[in-house]
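Engineer: The following block contains the structure, expressed as structure tokens.
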Amino acid sequence: MKCEASGVPMPSFSWTKDGKLFDPSTDTELNVTKSFGSFAFSTLSKTMDTLKPYQGKYVCYATNELGTAVSKEAILKTDAPPTQQKQKEKAVTAKFDEGSSIVLKCNPPQSSMEPIIHWMDQKMHHIKLSERVVVGKDGNLYFAHLTMDDSRDDYTCNVQYMVTRTILAQEPITLKVSSSNSVVRNRRPQMMRPAEGESSYQALRGQTIELECIVQGLPTPKITWLKKEGELDESRTFKEMFDRRLRLSNISESDSGEYQCIANNTQGNARHTYHLKVEAAPYWKVIPESLIYAPGEMVRLDCEADGTPSPTISWTRNGEEISGTDSRHTVIAKNASLILNTVDFEDTAVYQCRASNKYGTILTNTYVYIIELPPQIITDDRKVYAVTEGQSASLDCETFGSPKPKVIWERGASYLLDDPRLQPLPDGRLQIINVSHDDEGPYTCSVQNSNLSIIAELEVFNRTVILTPPRNQKVQPGNTAIFTCVGLYDTRLRIPQIQWRKNNRKLMESPSDEKYTFDGAEFIIANVEQDDEGVYTCEIISSLDKVEASATLTLCDRPDPPSLLQISDPRHRGISLSWTPGDDHKSAVLEYVIEFEDQDLKERGWEELKRVGGNQEHVVLSLWPYMSYRFRVIAINEVGKSDPSKPSEVHKTPAEAPDNNPKNVRSESIKPNTLLITWEKMDKRHFNGAKFEYKVLWRRSVGSGPKWHERKTTEPPVIVDDVGNFSAFEIKVQAINAIDAGPEPDPVIGYSGEDVPLEAPIGVGVELLNSTMVVVTWAAIEIESVRGHLLGYKIYLRRMGSRGHRQSRRSTEAESTVVEETGPNEKRKIISNLRPYSRYLLSVAVFNNKAEGPHSEPLPFDTTEGVPGPPTSLILDSPSETEMTLHWTPPAHPNGILTGYLLQYQRITESDDGPLQNDEIDNPTITQFTLKGLDRHSQYRFYLRGLTSAGTGEPIMMTGATTLDGVPPSDISLSVGETSVNVSWEAQKRHRNVGFYIHYFKKNGGWKKSERVNSSQSFYQLRGLVPGSDYLLRFFYGNASFWETGIKTEGTEMTEVQASIATQGWFIGVVSALALLLLILLILCFIKRSKGGKYSVKDKEDGPMDSEARPIKEETFGEYRSLESDLEEKRTASQPSLCEDNKMCSEDTLNFNGSSALTTELNLDESLASQISRPSEGPEGFHGLPDNSPLNPVTVAPTTNGMPNAITILD
């Protein structure tokens, strides 16, 4: 036994046993252990004889100078551990027939400890349990019915005690099941445990109780649990042992009532009623609070307990009983509250409230401390409380003092008693229920009759809500399930966490097998299996609140195919078809499709015959005669179709006479003097027998008498010749087979073939209604001349051209023909949409099914003049800022004689457009007109119409504005590169295009000018600049500069190479000539010596001078000229010098600065010269060319080897 307590000063301990003082320290059989705040004692010996004297009820008391606290009762009981019986029971052998119900007894030893029963075999394998074989709470093994597989000789009951950690094995039982000679008969369910029809149970509140229902029967019964006058609470109700046990956990008085177990099988049902009465040991409803009081106060200690039966309340002070007359200021109220009137320091003590009934006693200690202390507010000032709207907020104002300080809550200058949502609590807190944004702000808590106060800040945030909750899903095995959970939260808070749970168990992402994937608002379950079924809950957890929504994942699949198709109850053209449904895989069958296969027409395959609801298992089918049927059934659920069932046996229906005759019997005679009778072929399933034929009958409908002509055939049509043109016949077709003929058909009227009409309509006339509409009339045609069905009349109107064209021009205008059809009874027709001022030819013809007849004599007529169509085109041109010239082309359809034009225009404004102004042009040949005095800042809308004597025609409309005078660009921006600069500006849309130039200057380089730049371009690239150089840019329009700026190109500036004698062209030429001359002399000397002669210098000097030794001209001194250069000089000698025209020899182009300059004479061939554009006008000559052009000198940057670099060579 161990007792712990705390107090200042540290308490001392004492004990009672069965209500008497007990001192463990004086007992030599006990070991006592005392430590800081605890007292414990234990027995030295663990034998049963030693333990038995210490059985009883123990109470611990802890005492210091302020009072005594009392513990609850601790009851010590002893029990001997269960043991195996000394004498083993005899081996048990049970013999029963197959289908019987039996019980194998376990008989565990008697003990107060709860055993755990395991039925196992000799290999220590558990006996397989099922709905048929279950273990009862008594440990016995129950068989609802026996099968041959139940025979074995090692049914062993093992009894396990967890407290003593022992397992006791009973003697094995042998069970022999005999096979029944006859068919095992089914039996309705019967109760095995409990046996009676009703039973009663009693339990205490908070306990767990199990109701057991074990039944026998064949087939194995199914169990259903019900509660009368209520429903089972799924959160506290669990079914175990294959529904044979109903476990109710944490029960309360509301669980009292009647429960029923209902067992069902195909033979009937059985039921058992359980009467459950729940009582309760005492439990607290109100516990008195330990507080500090001041002398003179009234102390009320409220103590309330409940139980069944109702408990008795008693009070003790420091463990000693209190009565109503113990002292002048101690009163026990009727509701068991303890009231202390006008307390003083002597009332400081520990008071015990004790509640008792027949099921036990509970006790609570309450500390009352009488002292005087000044008031204090312990809660921090300016504490911030954050809640979401709709929650409850609790603002702290913890005080300390004796007497207890009284606090007042205020908001601003007002008290908070008016709002029922704001409730000051006895401990000083302020509770705000259903917080809204209006409650946000500071609250003041102050102590009454003092200057103490604090401020509490309340912040209200938007609540977290789930906008898109997860939805219930049905998924096929192996597929992927995706749950979506989208929430909305207050952005002032941290991003909330989304937590998913399965059956209230947290789920974590599984990177190894990729089973679960959390992707933002989506939760993905891959490769769904049976274990994945359950309730999935999405929790969105913010720092202040939490919301959740749940959805169910159900594993479903296509249904299994139906089985055991049976044909029964054959009747006239019908049978009954039944089947056994397959497993629906948790998705109910919506419908069944019954299909059939005609054994005589297997090429048609399986065809649908009927559909029935998913709750049906049989159907009555209507069949056709003379067919061989096989049937199959397909089940359909939300997932899809099952595989077809196995086909049924073949069912044949007898032959009968045809039920119907062919439909749509008619004459389709086309050829004259011929009657063609046809009809729709009947489906073979309507033949109803063998040797099926059609009997075709016909006779003239007038004057031929009752005689019918007859012909039999197997398919349409039937053709009868020599019957005359368009003669009426009665025709009918009857179906016949080997059994009999079908019903008598009704005759229909048909006609023999039609011929071309003989005559044209007469009395054709025309009446003008207006310029585009006429009325055509004619006389009715003689019906005999039509020689067929009169379908109507065709009116032909051919336009021959305009009335204004001469005969010679009429042929050039395209002719058009209008064809209008009428009904057979019409004699006039209004024709519209004709062209005004045109010539037409009119003719009328009659038509039947065969063809149309001859046309009537052409009747010419003219349409009157009409208003013209719109001009073909309209172009606007603005010669100045206030003028607009309109150019147009005449109307394509003048519809008369054009007399002029009407020009209308108006100024367009943001609110109301200006008034229309009219200018009438009397001359029809004019095709342009200039308007003056227009507003340069406005847009105009122009309408142009043609005029004839009939009136004003349709307009052509155009919107535009005058063009403003051009100005040079503004807002110029530059983008500088190494050898170029990009110039951009915003082009003015309505301004005329103007040209301007860019002058640019480089130090020691002189001014250069660009080509002409158009202001409408909005972009220009100035090229040929030197990298790393400073330039001054001036923009000129006319002779005036309108913008100036300085730039510096990117890159490093290249310096000129100081020409050395080793790199001079004349030096290289002289050295090369001398080397060549020396080589020639050596060759000649060698030849002379090889011939034995002497080389004569005199002969060489007197001979003609070699071209290689020609004297160098003075004008080319210091330069080396190749043969190609000489030839080029000859070829270009007749051409004028480039320097003469282009002034390339000016100081700006050529650089003669002594010997340090490197001058290169260029001789351009014709192809290069043709690529150079003509120089721009002005004194600058070729300054517009880029610096790297062949016409500009190039400065060569020195390199490490003194040779020009690659860039220079490319330049």
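Here the Cβ of each residue, glycine as well, is placed from N, Cα and C on the backbone.
Remember, it's a predicted structure, so these values are computed and weren't measured experimentally.
Marked as compositional bias 'Basic and acidic residues' by TrEMBL: 642-654, 1096-1115. The domain 'Ig-like' feature in TrEMBL is assigned to 1-71, 81-174, 189-279, 282-364, 375-461, 463-554. What TrEMBL lists as region 'Disordered' is 180-199, 642-668, 802-823, 1094-1115. Per TrEMBL, the feature transmembrane segment maps to 1066-1087.
Buried or exposed, and what's around them? Tell me for each listed feature.
Structural biologist: Listed as Cβ neighbours of the compositional bias 'Basic and acidic residues' (642-654) (distance under 8 Å, sequence separation of 6 or more from its ends, same chain) are residues 558-563, 565-567, 570, 573, 575, 577, 579, 582, 595, 597, 599, 606, 623-636.
Broken down by DSSP into helix, strand and coil, the domain 'Ig-like' (1-71) contains 10 helix, 37 strand, 24 coil.
Across the domain 'Ig-like' (81-174), mean pLDDT in this model comes to 88.
The list of residues near the region 'Disordered' (180-199) in space but at least 6 beyond its ends in sequence, with Cβ under 8 angstroms from a Cβ of it, reads 97-99, 101, 103, 136, 138, 140, 142, 144-145, 212-219, 221, 263-270, 272-275.
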Engineer: According to DSSP, how is the domain 'Ig-like' (463-554) divided among helix, strand and coil residues?
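Structural biologist: Looking at the domain 'Ig-like' (463-554) with DSSP, the answer is 3 helix, 47 strand, 42 coil.
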Engineer: Using DSSP, how many residues of the domain 'Ig-like' (282-364) fall into helix, strand and coil, respectively?
Structural biologist: 3 helix, 44 strand, 36 coil
Engineer: Counting each residue once, how many in the region 'Disordered' (180-199) are helix, strand and coil under DSSP?
Structural biologist: 0 helix, 9 strand, 11 coil
